[in-house]
Amino acid sequence: MIEHLVVFFSWNTGVCKSYLVNSIKYSLNLILNCVHLKREKKTKLELLGDFGVRNILAFFFFFSLTAVMSYEDLGLFAFGSPGKVLVATTIIIQNIGAMSSYLLIVKSELPGAVAGFLSGDESGSWYLDGRLLLLITSVCIVFPLALLPKIGFLGYTSSLSFFFMAYFALVVMIKKWSIPCPLPLKSAIEPLQVSNSTADCKAKLFHLSKESAYAIPTMAFSFLCHTSVLPIYCELQSPSKSRMQNVTVTGIGLSFLIYFMSALFGYLTFYDKVDSELLQSYNKYLPHDTVILTVKLAILFAVLLTVPLIHFPARKAVLMLFFSHLPVSWICHIFVTLALNTIVVLFAIYVPDIKNMFGVVGSTTSTCLLFIYPGLFYLKLSREDFLSPQKLGACALVIFGICVGLLSLVLIIFNWINQ
């Protein structure tokens, strides 16, 4: 069960990458507000984590009713073929967006990591070309791992990802005291400074702006691991609800802890000057720091080891959607894996901004998989009275998901138009 726990956690720390490098300055004011709430009340993020656990455990209610083994089969059982197609399509788009986002991190951070080991000016060299390095790592690392037929084996690689992210969180906490506030003015970064006063060092409990639209979609993107729950459950040596509940609670709890600490200390280091990619903020103020360089390498390895894990449910959805009438074969397996990796690499090469990808994917497919579909499944499959608290809660979940998704997407598009 240990390797599946680490797989589950590594899947969930996909948000650690997204939440930390994309949503720090949009979401952390909410966290600081939570810290100042009365102790007897649950914080908003605690409620989100608690909801995430309960939402995932609801899948075992569906399993007890239907005995299905995948998210797509739940759609088929609840709403027939249209439900299966809709869920599979959503999973494919969601996971392609997730994998592309993580490879965007490789494209942007790997050249700087390589340059850190070089002396002198090597600009223009082929080994500092982010796109070329992305292609090399995708062919040599991501594609071979994605070809593996079983998800359980990735527990060993995912355990490395877990330690890399824990190391990242630890360094973010320590480096809070290495960068002074007000932030130092340097010629290379001075144009980026709006001001440099002690007022910039005060945490804001509330800070709403047009970019706040990225916060909830990114958090939805972050806690989304539902597509891997049933496959992991099926690969447990002795599958049971209690064993999978332990995996779920521990995975969500560890993820929440790392999210909270890393995001909190990242915000308290840079405040409103934090970059949309957190590591880029450290590059500006600690450009030659050896510890930051090791963190870059750790994040890059964590990303590269997580992408194959996300590939499994995406490939399964493609096979179920387009090749369900064909017998299982290695040729089909390799073809779908190659096609998905090609699409993901192309997106990573040509999409310029990771923030927009997280925002769009989070406000559309993530809200569907996290809020809307589970609520609809419960309404359809449960035999309780419609006015029961459980079904009313499911209705509220669906309405909440629709409202959050539409509102966030509209605000993101409005932000694009203004820019």
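Placement of Cβ uses the backbone N, Cα and C atoms for every residue, glycine included.
What TrEMBL lists as domain 'Amino acid transporter transmembrane' is 69-414.
The transmembrane segment annotation in TrEMBL covers 51-71 (among others).
For 83-105 (among others), the entry in TrEMBL reads transmembrane segment.
Positions annotated as transmembrane segment by TrEMBL: 125-146 (among others).
Residues annotated as transmembrane segment in TrEMBL: 153-174 (among others).
If you look up TrEMBL, you'll see 214-234 (among others) marked as transmembrane segment.
Taken from TrEMBL, the feature transmembrane segment covers 246-270 (among others).
The transmembrane segment feature in TrEMBL is assigned to 290-310 (among others).
Long-range contacts of the transmembrane segment (330-351) within the same chain: residues 96-97, 99-100, 103-104, 106-107, 131, 134-135, 138, 142-143, 146-147, 149, 307, 311, 314-315, 318-319, 323, 357, each at least 6 residues beyond the stretch ends and with a Cβ under 8 Å from a Cβ of the stretch. Taken from TrEMBL, the feature transmembrane segment covers 330-351 (among others).
Annotation source TrEMBL lists transmembrane segment at 357-379 (among others).
Per TrEMBL, transmembrane segment is recorded for 391-417 (among others).
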Contact set, same chain, for the transmembrane segment (83-105): CB under 8 Å, 6 or more residues outside the stretch
14, 17-18, 21, 71-77, 134, 138, 142, 221, 224, 227, 277, 299-300, 303, 306-307, 310-311, 313-314, 317-318, 320-321, 340, 343-345, 347-348, 351, 354, 357-358, 360-361, 364-366, 368-369, 373
The transmembrane segment (125-146): which same-chain residues, six or more beyond its ends, come within Cβ distance under 8 Å?
103, 106-108, 110-111, 114-115, 154, 157, 304-305, 307-308, 311-312, 315, 337-338, 340-341, 344-345, 348-349
